[in-house]
Amino acid sequence: MPDNAQAATTAAANSEGTVATGPSIDARGEFVAVGSTSFVERLPDGSILKRPWPAPDRASERQDELRLESKIYDRLGNNPLIVEKLGWDDKDCALTLEYMPNGTLKEYIKSHQEIDNNQRQKWSMEAAQGLQLLHRFGVVHCDVGPHNFLLDQDLQLKIADFAGSSLDGSSTNIRPGSRYKAPNTPKNAPGNPTIHDDIFALGSTMYYIMEGKAPFEEFQSEEVQNKFQARDFPDLGATPCAEIIRDCWFGEFSCVEKVIEAMNELTVPYCTQSRR
């Protein structure tokens with residue numbers, strides 16, 4: 001991903017990391033991130049501003065996606081499990097959010113070699129609780145992964161990015177990355193994802209949290225999906241939460257509440273020794 005505002009004027013990246021050329025941006029703050037729907041800046045007051053990526057293709061669709069995201073934040077209300085919405089400008093389709101100083105869960109795990117298993121277990125539980133909240137309010141996230149969980153100053157995990165989510169069964173063009181996408185997920189958008197798609201992706205997210213890497217990181221995306229279709233998943237060995245991760249992948253949980261119950265029932269305490 002680009003790491004400065006100038007780079008953000010020439011490139012956009014989707015959830016798979018593909019970079020494409022894009023239009024010039026009227027920067028208002030420090031560049032943070034860019035995606036297929038929006039670009040994100042940190043304003044001088046420290047808050048985060050999210051605006052539609054101003055390319056002519058899908059322009060109205062991107063605006064609708066950000067309007068949907070704002071609506072979802074309003075429905076969810078203030079909750080420690082989600083990033084706080086600070087404001088919405090309907091004219092510019094600009095969403096203002098709280099700043100999360102420790103960035104994405106994905107990048108934090110990549111850049112920190114020593115993370116004990118108690119912290120990893122805590123993040124796994126917070127990820128599940130965040131999804132539980134969404135599902136309770138009729139929201140299917142549709143792109144669950146470590147890139148869409150953020151960490152505050154206390155390393156509290158919060159779920160974010162609802163621009164491609166499904167609300168009350170609405171269709172969406174968003175699909176998870178290949179390592180987080182359930183077998184038999186339709187390739188062609190739009191589609192109507194279910195909570196079971198989120199639960200599968202939660203399993204892969206928990207795998208990332210525990211192992212510090214994505215499932216089948218060494219394989220190409222198409223190979224990963226072929227393996228998933230054949231119900232061939234990574235060897236979990238001594239991975240903490242192995243049975244829970246496996247059950248997420250095999251569709252054994254009817255809802256996220258069951259995942260949380262299973263995590264609460266773990267009787268073997270997590271050691272404090274790091275896994276990396």
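Note that Cβ sites are derived from N, Cα and C of the backbone, with glycine treated the same way.
TrEMBL labels come from automatic prediction, so no person has curated them.
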What range among 1-23, 24-46, 70-92 does TrEMBL record as region 'Disordered'?
1-23
Other parts of the chain folded back onto the region 'Disordered' (173-193), taken as Cβ under 8 Å at six or more residues beyond its ends:
15-16, 61, 140, 142-145, 163-166, 200-201, 204-205, 214-217, 221-222, 224-225, 228-229, 231, 251
